[in-house]
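Okay, structure first, notes after.
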Amino acid sequence: MWVTRLLPVLLLQHVLLHLLLLPIAIPYAEGQKKRRNTLHEFKRSAKTTLIKEDPLLKIKTKKMNTADQCANRCIRNKGLPFTCKAFVFDKARKRCLWFPFNSMSSGVKKEFGHEFDLYENKDYIRNCIIGKGGSYKGTVSITKSGIKCQPWNSMIPHEHSFLPSSYRGKDLQENYCRNPRGEEGGPWCFTSNPEVRYEVCDIPQCSEVECMTCNGESYRGPMDHTETGKICQRWDHQTPHRHKFLPERYPDKGFDDNYCRNPDGKPRPWCYTLDPDTPWEYCAIKMCAHSTMNDTDLPMQTTECIQGQGEGYRGTINTIWNGIPCQRWDSQYPHQHDITPENFKCKDLRENYCRNPDGAESPWCFTTDPNIRVGYCSQIPKCDVSSGQDCYRGNGKNYMGSLSKTRSGLTCSMWDKNMEDLHRHIFWEPDATKLNKNYCRNPDDDAHGPWCYTGNPLIPWDYCPISRCEGDTTPTIVNLDHPVISCAKTKQLRVVNGIPTRTNVGWMVSLKYRNKHICGGSLIKESWILTARQCFPSRNKDLKDYEAWLGIHDVHGRGDEKRKQVLNVTQLVYGPEGSDLVLLKLARPAILDDFVSTIDLPNYGCTIPEKTTCSVYGWGYTGLINSDGLLRVAHLYIMGNEKCSQYHQGKVTLNESEICAGAENIVSGPCEGDYGGPLVCEQHKMRMVLGVIVPGRGCAIPNRPGIFVRVAYYAKWIHKIILTYKAPQL
């Protein structure tokens, strides 16, 4: 017996009303389409419009401010006398043109138009289905067994109730296969055979159609949802998830619409999702039957030298730059990782050879030293260094070659369009006769070689991939007489045998990755941190998982809650080639107070006298099993490069970009966790960051002084970045 039969009528009405008013929890997968930005449902073709050759085809146009507004009206067919399948946004006139056709329709042709962007509803151009195929609106009209479909508005030979007027929005047009009720089996139709009432159509799943080679770095297909069915976020949008993978910043990564891609060396393609609680997920793309890469997809393979970033290096070097042996790729000791031969099948992760599977700056490996997780194999020479116009001498101020791309692959912009910016940071009139077209040049006497403007607001300028000519010994710093101090940050390196410090070190930064301390750093300006490149081995790293903690003494922030400042990192600027430096742009400026301050940079090219006592700071490995997590300081003295080389038994030759410091008697020095942190010296009552801690041979080894990046050598580059990188960074 039903309980409702026993209820008085008024009580029953009250219960029903209460049930109707209860909030309905819609699962994300079902509700996301209504909430998401409708532009995700369109495929964009830049600088393209559609021209109708059939005069009977209709067009609707109206002035609107954005493509998003055009998309909303197209999806809802609001105020349109037809079913909208595509639209064009006129960027110059801020006008929408809606079409009942698309580029696949007869009587229509594509045409180039610089001010136009064409957006086509994916449901009408997709030749595969997602899930049950409820959104499929393609033109297949034959069943799985080959029978022609019956038109939906016809009752011959089969009568039915699936009339187009009864299923608005389901596009029951012509005799195309559809799934208006979202039933199992996928799109179907009534057949033209009187003996067969209906049958499913043979339309494949998109996950079956799409395939990839290797790890999918070269995948450029239209998969736009994750393996759990979540719709991907457009790469040119910053909601619901902010990210750095902007199409204009990475023009070679194929960031079209919201399609799955693999820009950062993950095991397979992925995307950000429209679910606010799920930042990203992998996509379900199978391996191609013959999983071989085209010649155009393969990096140039070399065995004796590296080309570009060394992604094609297949040699047998198996130590990092300072001689520490590499850990085997198929081993999880001493360092656990997921960059295994199984996950990166095409990257030749054999033995313990140096490789670059993830698009880092150069080949690298995990090391066999438990205190040093990764290291670069920078001792591998570059390929094709010649003595002609492909290289430069000195600092490259006389380079007159025709290269017009930056080291990150961006095309250089014309010099004559950037003269105002150039005048802003140099104090003399540049030689305009040398500034040809958009060729790499060095008009400001940059110590680190030719460069160019890019036209990209996120990367205003960058160095060009040109090496110094072989055998060139021209010094890049002419005068080395000025007092110097440098500042830097490091990766997980810890000051061994240091003492706890409560002195004024408000410029010390703890860099966190997912709340775990990985490196130190120095606050050199309110919005800028100096640290080590080894803390960010991949240029394509997503920065949203990184934070900078300032004003703390305890690495976990215990007892520092009132003075602690936690800031997001929005941009990573790599230093000149071989510098091991990185500048981090903060999402907002740090607030300077009694606990947070900046530290000074040294003068460019300066030196500091030998035996000057300096200090290194860090939260890294301490030599103790149970670390207290407190900031430590170790006092070292400056040592001349020649003497430093002797302590290293002649195995290390220091150059003008390095500085050496060691402890007098006890075993003190930086270790993993301290990387990126500063070597701080005082001169003329001014404290400066003279060096940056980078990985070395071992950790606080007796009679083995530390080698630091010499900040004074890169001081002009640091000032140039701070002056020119003014645009908001994402």
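Each Cβ is built from the backbone N, Cα and C atoms, and glycine gets one as well.
Since the structure is predicted, the reported quantities are computational estimates derived from the model, not experimental observations.
For Cys365, the partner cysteine in a disulfide bond according to Swiss-Prot, taken from Cys326, Cys346, Cys391, is Cys326. Residues of the domain 'PAN' (37-123) grouped by DSSP class, helix first, strand second and coil last, total 16 helix, 39 strand, 32 coil. Here the candidates are the disulfide-bonded residues Cys74, Cys177, Cys377, and by Cα distance the one nearest Cys288 (disulfide bond) turns out to be Cys177. Less than 8 angstroms from the CB of Cys271 (disulfide bond) sit Asp224, Thr226, Cys232, Gln233, Asn258, Tyr259, Cys260, Arg261, Trp280, Glu281, Cys283, each of them six or more residues away in the same chain. Note on the domain 'Kringle 2' (211-288): DSSP counts are 0 helix, 15 strand, 63 coil. In terms of DSSP helix, strand and coil, the domain 'Kringle 1' (128-206) has 1 helix, 13 strand, 65 coil.
Neighbour counts of Cβ atoms within 10 Å were taken for the disulfide-bonded residues Cys74, Cys232, Cys283, Cys305; the minimum is at Cys305.
Taken together, the residues of the domain 'Kringle 2' (211-288) have an average pLDDT of 89.
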